[in-house]
Amino acid sequence: MVKASLLRKDGNCEWNFFSVAKNSSQSSSSSSGSQRTVSPRKDPQGEVNGLQFMQIFIHLLKSNIGTRFLGLPLAVKNAGLLVGPVSLLAIGVLTVHCMDILLKCASHLTQRLQRSLVNYEETMMYSLETCPNPWLRTHSAWGRYIVNFLLIVTQLGFCSVYFMFMADNLQQIVEEAHFTSNICQPRESLVKIPVLDAPFYMLTILPFLILLVLVQNPQVLSVFFTLATITTLGSLAVIFKYLIQIPWHSSLPLVASWKTFLLFFGTTIFTFEGVGMVLPLKSQMKSPQQFPAVLYLSMSFVIFLYICLGTLGYMKFGSDTQPSITLNLPNCWLYQSVKLMYSVGIFFTYALQFHVPAEIIIPYVISRVSEKWVLFVNLTVRTALVCLTCFSAVFIPRLDLVISLVVSVSSSTLALIIPPLLEIATFYSENMSCVTIAKDVMISILGLLGCVFGTYQALYEMTQQAHLSMANSTKGYT
């Protein structure tokens, strides 16, 4: 079911989750200010028709379990059997705390300015508008532009990586089909028979993803995300079933080298993908006052999964741990189905990550066209953005490493650097304690270190890939 948002007869601007509506009378003010607000949808009788507690839980779960999740065993290997899980817990707690800060700042600003619910970039702009520093107040609009840019880069980067992940998994399943059996034995080196390149699979997936992002009914999408969560958790159940089987490696190092720890930190920061979804999801919840509870519950479960997968995966495979745990699984149909199920989950998660840049870009575009073109432009821009992420994955060599470099900067900034600074800017004029200021400064410094470490990791991966390509160029193709 494809549902496009149209203008209401009363002339107000209505926003639905995964839907766009814009009043032409607000076009000029939207381009200069911030008229884009988000509010729970209402039915004709005036009753709120928002998302339920469990639906929000599923959205938060899916938005934080992405492609990097499968690389956590290697991340723990880079940190050590003791330092890895403890650091995962610490980074997870800090990330959730920053999400809570973002929620608190947004809620405080809506009450202070008597506005409806605001999103991330509006929170940044309004916070700077009310801070004591006159220079920041004068340039508050730049805060909104910076957050918009970082959100677009981060979320579209995730979407491009999703294209590559799904295509690579489908390609592996096809190319290993000749060697796959019903008997699950440890994976060995296989001589694969090249059938079709990964770009073919990307272009095959493209029409289905276009149809998915054109679906703008939140209830229909919630059904899709429920199916995605079931397939993702099903694939994880199969993985954990294999991981808990003995034997595990013994005498693994508790603390790894500081150089490899930098790789751990960069990977872990990139794994938490859901910070951009916090405010949009809260705005669409039927009972927004319950959002902190569902946030803590879902993120606690996510952190628990992170620690379990990273620790058990490293204990199972030891020094043989691969960048993705699926590469360590036996080559049989049971574990090949893990790739397929996880790819299905990533397919539907694409729409969830796509929502954020679409919410930023589409209102800006449709505010510049007449009312009769709103629906056409809405669907056209959605299609163009999906094609952009697909063609980027097809035509840019080693796009995954390029995106790792870019997103390591933007993701760290959005997750750990900006929220603490927002708290200082928002509450400094209200007798904010020195302890809170010191805490926020320390978190921002840690986020800056994560940005540096993430950049180091991406450059390291690029260097390793370049060396591997040079080595392979001296060998014949088997």
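From the backbone N, Cα and C atoms, a Cβ is placed for every residue, glycine too.
Annotation comment: TrEMBL describes 23-45 as region 'Disordered'. According to TrEMBL, the feature compositional bias 'Low complexity' maps to 24-35. Per TrEMBL, domain 'Amino acid transporter transmembrane' is recorded for 53-458. Annotation comment: TrEMBL describes 145-165, 198-215, 222-244, 256-281, 293-313, 373-396, 402-429, 441-460 as transmembrane segment.
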Leading contact stretch, 145-165, 198-215, 222-244, 256-281 vs the transmembrane segment (402-429) - CB distance under 8 Å: 145-165
Long-range neighbours of the transmembrane segment (222-244), counting only residues six or more past its ends (CB under 8 A): 51, 55, 58-59, 61-62, 65, 212, 215, 305, 308-309, 312-313, 315-316, 325, 329-330, 334-335, 337-339, 341-342, 344-349, 351-352
Leading stretch by Cβ pairs under 8 Å, where the reference is the transmembrane segment (373-396) and the options are 145-165, 198-215, 441-460: 198-215
